[in-house]
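What Swiss-Prot says about this protein:
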- 17-37: transmembrane segment (TRANSMEM)
- 60-80: transmembrane segment (TRANSMEM)
- 106-126: transmembrane segment (TRANSMEM)
- 146-166: transmembrane segment (TRANSMEM)
- 175-195: transmembrane segment (TRANSMEM)
- 210-230: transmembrane segment (TRANSMEM)
- 254-274: transmembrane segment (TRANSMEM)
- 292-312: transmembrane segment (TRANSMEM)
- 344-364: transmembrane segment (TRANSMEM)
- 370-390: transmembrane segment (TRANSMEM)
- 401-421: transmembrane segment (TRANSMEM)
- 426-446: transmembrane segment (TRANSMEM)
Amino acid sequence: MSEESHPNERHMTPRKLFYLALGSVGVVYGDIGTSPLYAFREALKPVAHDGVTRFEVISLISLMIWALTIIVTIKYVLFLLRADNDGEGGTLSLLALLMKTANGHTAILMLLGLMGAALFLGDAMITPALSVLSAVEGLKLVTPRLADYIVPISVVILALLFVVQSRGTGAVAKFFGPITAVWFLVMAAAGISHISDDYGILAAFNPYYAVAFLLHEGFYGIVVLGAVFLTVTGAEALYADLGHFGRRPIQWAWFLLVFPALTLNYLGQGALVLGNPMTMSDPFYLMYPKWALLPVVILATAATIIASQAVITGAFSMVRQGINLGFLPRMEILFTSETNTGQIFVPSVNAVLFIGVIFLVLGFKTSDALATAYGISVTGAMVVTSIMAFEFVRARWNWSLPVAVIALAPLVVLEMIFLGANLLKIHDGGYIPIMIATAFTVVMWTWRRGTAILMEKTRHTDIPLASFVSSIERKSEHSPAQVPGTAIFLTSDPESAPAALLHNLKHNHVLHDRNVILTIRTINKPRVPSHDRYRVEQISERFSRVELLFGFMESQNVSQALATLRKTGLKFDIMSTSFYLGRRKLVPDAKSGMPHWQDRLYIALANAAANPSDYFRLPANRVVELGSHVII
């Protein structure tokens, strides 16, 4: 699960490597690239109550540099990018991989994975609000008269960002990498130009200052860590977007551009404050001369929009994974590109994110206030990923327990300290990401649990398919009439006679010439090769069982898959084929195994789920739905 996961990388030309690395700069590093706008400013606040000292400034920059080194470089760039699921990364991808080898603690792993996904979705709300606000706030330095318009301008920018999602971003996405690369170069140049303000800032490379500061400051040191962590927000994107770019391009972009640019910019901000303590109110923008402020604000706004776009796209992708893995109900998914199936738009998710983002902007009003709420979701997601990575190296790489503990325990402890520091901000807005993540976790856990209970209940009343076929194939005077054509019955249980088939016989008293029992199954791999897509079993002269396999990153286009299946010899004409779907009317039961409120939530989610004929892209004029009541 390392080099072999991206075999094409071995033969990647320098030109392709360059363009993939450039593309990753915009998508993968957009979020972490906006952190200099506010991270150092926020870290200064807890220690600036009685004036900031030289030791404190150098120590804060030291903490930031070493946070980037340990958490981003060592954990993500060098380690986690190798822990992939057939080339794909991300929390749910890692969960899908671990579910194959989980021994006795599946529920714990699943809950951890769902928490990580929920925290990421919370991050997808906070990132656009914080990033755009922090960029637009630079207008205050251009002219103070614009101070009252920062929130309205931010709302307009964010509204436009969410409105254009339905049209896709393929046409402009090719500019994301170059624009963000320019952003990093501008930040690096600003940092270099100010390091000469006080070369003493270079002492920040010595970890002594970071450690001594924490030991000296005590409680204030812990508080500061919450702000220092803003330096590494966005690191999860490195892992989540692994499948889009591959390991080597992401690593090259980090070491050759992103890491040096971030380090130089933070050093420049530190030297600026050492040379002029009055600049600590906004050290990022005050690095630039007056004439450059407006262009930098415009560039910063573009960079934050790109970062926000990357997070929103990541949320869409994660939701699709969640649906395919059975953690979320079916939702309408629109494809915004004819050639790239990864470019999707999920209207319901877009609406939820938009409402949440606007609420955050209007509620917090400034990036200062919102930054206090930001760290919890990110640190929480990182802790979850580290714990799951521990399980990964034990199960997949066969590391011994002592080796795994020695390698990963320090990272987990460090991230737990960061999480504890961020939890101190609960009363200042830190409760917001906790509430968002809790809500998403409850929804996903309820859907998974409710679906399992429903399948277990229906299995007790279902008729085994083999018995049904054996009975129906016996010729008698009571045999149903046979009609020409093909009937395809969708079912989640290939071993039982589908409810739609039984209802069709009960009400219409007919059986088609050819009857296909179709099951759609998502496997714990991102993609399925076309030659492994289907499994066909002929049960009798008139009945066959077909299983279509999809990866959790794939669109479940059943019509297209069946068209391919015809080439193997399964004869049917799509225009003389009817698709029979069962539609269940769920009724809550006091003995369901879930609390009553959870029953109600599950039923509400089921009722809101997208129509299966739309989700599976079945021809609308060939679909027949037959309903039934089911007590859950």
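One is the number of the first residue shown, and numbering goes on along the chain from there.
Positions of Cβ are set from backbone N, Cα and C atoms, glycine also.
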So, does the transmembrane segment (175-195) come close enough to the transmembrane segment (370-390) to give 3+ Cβ pairs below 8 Å, pairs being at least 6 apart in sequence?
no
Three or more CB pairs closer than 8 Å, sequence separation of 6 or more: does that hold for the transmembrane segment (426-446) against the transmembrane segment (60-80)?
no
Sequence-distant residues near the transmembrane segment (17-37) by C-beta distance (under 8 Å, 6 or more away from its ends) are 72, 127, 131, 134-135, 173, 176-181, 183-184, 187, 230-235, 237-238, 241, 244-246, 248-250, 252-254, 256-258, 261-262, 265-266, 269, 284, 300, 303-304, 306-307, 309-311, 313, 367
Could you name the stretch, out of 210-230, 254-274, 292-312, 344-364, 401-421, with the greatest number of CB pairs under 8 A to the transmembrane segment (106-126)?
344-364
Counting Cβ pairs under 8 Å to the transmembrane segment (60-80), which of 146-166, 210-230, 344-364 comes out on top?
210-230
Among 146-166, 175-195, 210-230, 254-274, 344-364, which stretch has the highest count of C-beta pairs below 8 Å with the transmembrane segment (401-421)?
210-230
Which sequence-distant residues neighbour the transmembrane segment (210-230)? Criterion: at least 6 residues beyond either end, Cβ under 8 Å.
35, 38-39, 42-43, 45-47, 55-56, 59-60, 62-64, 66-67, 371-372, 374-375, 378-379, 417-418, 420-422, 424-425
If you count CB pairs under 8 A between the transmembrane segment (146-166) and each of 254-274, 292-312, 344-364, the winner is 344-364
Sequence-distant residues near the transmembrane segment (254-274) by C-beta distance (under 8 Å, 6 or more away from its ends) are 21, 25, 29, 32-33, 35-36, 39-40, 44, 52, 54, 57-58, 60-61, 64-65, 68, 72-73, 77, 181, 184-185, 187-188, 190-202, 204, 231, 238, 280, 283-284, 286-287
Which sequence-distant residues neighbour the transmembrane segment (175-195)? Criterion: at least 6 residues beyond either end, Cβ under 8 Å.
22-27, 29-30, 33, 36, 201-202, 257-258, 260-269, 271-272, 275, 287-288, 296, 299-300, 302-303, 306, 309-310
